[in-house]
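Asker: Below you will find the structure I want to go over with you.
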Amino acid sequence: MSLNSLMKGKQQVIPDGPGLPSPAGIVPNLDNPPNGNALCLGIITILLILATSAFILAVYVKFAYVETLYIEDFLGFSGFVLYIAQVYCSLSMIVHFGLFVHQWNFRFKNVAKIYHLVHLESGLYAASLTLLKTAILLKWVRIFVPRGTRGTFFWACYILLWTNILFYIILLAFVDFSGKPRTQNNKDKALLIASAWYNLASDVLIVLLPQRIIWRLHLETKKKFGIAAIFAIGISAITAAAYRLYASIEFSKRADETYGIANIVLGSQAEVLCAILVFYVPTFPKAFKDARKRFRSLVLILSRSKNTTGESSVRLSLNASGQVDAGIAHPRRTYIPQISVLHTTQVGIERAPDDVPMPWNFEESRHD
């Protein structure tokens with residue numbers, strides 16, 4: 001056997017062999033390896049439902065009530081679209097390779113392929129966060145900064161905004177969006193950890209920036225807590241960023257890299273979801289408040305209709321002698337004595353309870 005034929009045989013064996021030597025006593029399972037696909041699929045699906053629901057409700061509020069589009073609305077929409085692409089990459093990993101799969105259960109030829117998907121998802125994650133964080137900061141400025149003023153809060157938001165843009169542009173410059181399979185190296189791991197640290201720090205700043213202004217607003221304490229609770233959703237973004245930082249550090253330290261990919265994927269998905277919620281949730285109270293008003297109006301209208309029907313039936317059932325006669329729906333006015341008219345009027349007054357929703361009561365109920 002020639003050397004060339006021997007090398008050719010080894011090249012055929014190695015790509016189909018394990019991607020990493022297995023620990024002692026463990027036999028690689030290359031055909032049907034144990035995985036956490038069900039867990040990852042369930043988590044990703046829940047996150048996707050939450051993000052999509054928030055997006056749809058926000059779009060409804062925007063077009064039904066606000067009817068004004070700002071630049072941050074287009075940025076938020078673009079960030080959501082990139083999030084959908086990121087979800088697609090994650091689902092591709094699950095379908096074609098699996099998540100929470102040990103590297104010795106991976107075929108060597110597939111390791112570079114899943115790393116390519118990881119790099120692609122990392123780029124989509126960075127681009128999505130760039131757009132969403134920019135949209136959030138622009139919304140902060142529009143809500144909390146009076147037009148024409150340039151205070152501390154204004155400059156803090158714009159400094160953080162441009163810092164985010166520059167950082168993610170530099171990060172995206174190192175992302176390989178080509179279709180060529182590739183492997184991880186120390187530079188990639190360093191960028192992964194650096195981006196995780198920066199995302200955690202920027203999330204903390206974005207959440208803390210408006211809190212001082214919120215608590216200085218001249219509002220009832222109950223409303224202050226409600227507004228603060230909306231922005232406190234950002235705390236979940238901080239938690240997700242911290243989890244992704246932990247997953248990135250663990251990934252860089254272990255030889256079994258493919259198993260650690262799943263934690264990075266889930267952390268990235270959760271962090272982008274939280275950014276979507278932070279941007280869209282402040283628009284929800286408008287929809288719920290209007291729905292509450294419509295519901296109360298419907299109840300009042302139905303109640304008024306019921307009471308009016310009951311009162312009319314009593315008045316129309318009185319005949320000329322003042323006795324009940326269901327067969328006469330509209331007695332002629334000429335046959336009704338004046339005393340009977342007075343009696344009918346008295347019956348009408350007695351039948352009108354205080355709780356009938358009169359126009360002034362309706363106005364008061366609307367202001368409640």
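Cβ coordinates come from backbone N, Cα and C, glycine included.
Because TrEMBL annotations are produced automatically, they should be read as predictions rather than curated entries.
Reproduced below are the annotations present in TrEMBL:
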{"type": "TRANSMEM", "residues": "38-60", "note": "transmembrane segment"}
{"type": "DOMAIN", "residues": "60-285", "note": "domain 'Rhodopsin'"}
{"type": "TRANSMEM", "residues": "80-101", "note": "transmembrane segment"}
{"type": "TRANSMEM", "residues": "122-141", "note": "transmembrane segment"}
{"type": "TRANSMEM", "residues": "153-178", "note": "transmembrane segment"}
{"type": "TRANSMEM", "residues": "190-213", "note": "transmembrane segment"}
{"type": "TRANSMEM", "residues": "225-246", "note": "transmembrane segment"}
{"type": "TRANSMEM", "residues": "258-281", "note": "transmembrane segment"}
Asker: Output the single range from 38-60, 80-101, 122-141 maximising the number of Cβ pairs under 8 Å to the transmembrane segment (258-281).
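Answerer: The stretch with the most close Cβ contacts to the transmembrane segment (258-281) is 38-60.
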Asker: Which stretch, 80-101, 122-141, 153-178, 190-213, tops the Cβ pairs under 8 Å count with the transmembrane segment (38-60)?
Answerer: 80-101
Asker: May I ask for the residues of the chain that lie six or more residues beyond the transmembrane segment (80-101) and have a Cβ under 8 Å from a Cβ within it?
Answerer: 33-37, 39-41, 44, 48, 51, 55, 110, 113-114, 117-118, 120-121, 124-125, 127-128, 131, 258-259, 261-262, 265, 268-269, 272-273, 276
